[in-house]
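Beneath this line is the structure, given in structure tokens, with notes to follow.
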Amino acid sequence: EMFDATLKDRELSFQSAPGTTMFLHWLVGMVYVFYFASFILLLREVLRPGVLWFLRNLNDPDFNPVQEMIHLPIYRHLRRFILSVIVFGSIVLLMLWLPIRIIKYLLPNFLPYNVMLYSDAPVSELSLELLLLQVVLPALLEQGHTRQWLKGLVRAWTVTAGYLLDLHSYLLGDQEENENNANQQPNNQHARNNNAIPVVGEGLHAAHQAILQQGGPVGFQPYRRPLKFPLRIFLLIVFMCITLLIASLICLTLPVFAGRWLMSFWTGTAKIHELYTAACGLYVCWLTIRAVTVLVAWMPQGRRVIFQKVKEWSLMIMKTLIVAILLAGVVPLLLGLLFELVIVAPLRVPLDQTPLFYPWQDWALGVLHAKIIAAITLMGPQWWLKTVIEQVYANGIRNIDLHFIIRKLAAPVISVLLLSLCVPYIIASGVVPLLGVTAEMQNLVQRRIYPFLLMVVVLMGILSFQVRQFKRLYEHIKNDKYLVGQRLVNYERKSGKPGTSTTPPQSSQE
């Protein structure tokens, strides 16, 4: 109902393109599981150790999923699989199915989302969806303040629920209370004895945690057990479900509302892909919250400090825009166009047809390629590009060095990409016609020169690598067979003659 699709439509789409349909559903499921696991890791930073005893800790150094997969019996894996399906399915029903029902009842004209994929459209919506999932959301969620906001909201909700239901000790532990009320410890102990049963690191929760840790650290912190504890836990779960429902309603409606309202100034009443409206509304909401928090932090410092901060931030934003145009605009566009000429066009377009290039789609794919290349570069050996990228990451946005980025990163990369695009085109369109070849041969050279030169460059790289390896092997064999010994000799200058130096004795070598 969110996309105005029925099971019959899903069946028809699966029959027409089973591979694409399976991949899209798998991708959505993987993104959901990834962000769910990220949220659980954030919860572990806030809650008392031992509250989430029924969920595995992915940051535990003793957690070895491959070893458990081999050693544990099949029924244990089936039990965990069924438990995971129940947990994930319940969250999907709570945060997707029920909010959609409520939205359709309260806002009948809001749904469905417009996500129709047109095959004849000049822009591939699938590439933009991948761009949103791989670039926009990680860039938004990986920001430190965004994670701190979410962590602060979770902590505020936990403190509120803990004090309302008298579960503060169960959710957050007694460390804060012991630090704040160290002088009143006998009174608190007497109240605990009259109120409830003290709980130590024993019981079902701790035993289960110890079994999961397989003899490692228990990670269980004692807590105070209040009266009517099961009823309070049930009310806590109900409160949590209501909070998740309200949060889901806000996330499903507010960004799309804001994005549709902003897009209406440019497109009027025309329907737009909800990918654009959701991304636009999400960033507008994020920028609004960020601006409000910054102004609230600056207000006590006075008007003069605020003007100085605005001036500094304006200069930083201008530098960031210049860097973004170069590194997030020009470089991905050139990279996507080069990928289109080298890989996509020779494979998809026959020689008797003319390839069409869409700059927006090439840019979207170029962003993904640039992200992959940057990740591979950072994981690879040390060379000039890795050193420059690490330096740019270390400086950050606040200490951005525009001259360094343009001189060391943007200019060399753009020069290499422009040469890769222009040199083959000059050869195919300027040099080859002077040789007097036929029109068919000119077309063949123009269409195949990019992959041909790529094969030549790759072959030359492999050959140079093999030549270096053979030289190292040759030196190793020569030294192993003929080298008798080496002797380290101190290098000393002659006294009274600072301008000359003695020649160190040669190593005894045969």
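Cβ atoms are placed via backbone N, Cα and C, with glycine included.
In TrEMBL, annotation is done automatically, which means it is predicted and not curated.
Feature annotations, courtesy of TrEMBL:
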type	residues	note
DOMAIN	305-478	domain 'E3 ubiquitin-protein ligase MARCHF6-like C-terminal'
TRANSMEM	23-43	transmembrane segment
TRANSMEM	81-103	transmembrane segment
TRANSMEM	123-141	transmembrane segment
TRANSMEM	233-255	transmembrane segment
TRANSMEM	275-299	transmembrane segment
TRANSMEM	320-343	transmembrane segment
TRANSMEM	363-385	transmembrane segment
TRANSMEM	405-428	transmembrane segment
TRANSMEM	448-467	transmembrane segment
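Against the transmembrane segment (405-428), stretch 320-343 has more CB pairs under 8 A than any other of 233-255, 275-299, 320-343. Sequence-remote contacts of a segment are chain residues at least 6 beyond its ends whose Cβ falls under 8 Å from one of its Cβ atoms, and for the transmembrane segment (448-467) they are 338, 341-343, 346, 423-424, 427-428. The stretch from 275-299, 320-343, 363-385 that makes the most Cβ contacts under 8 Å with the transmembrane segment (233-255) is 275-299.
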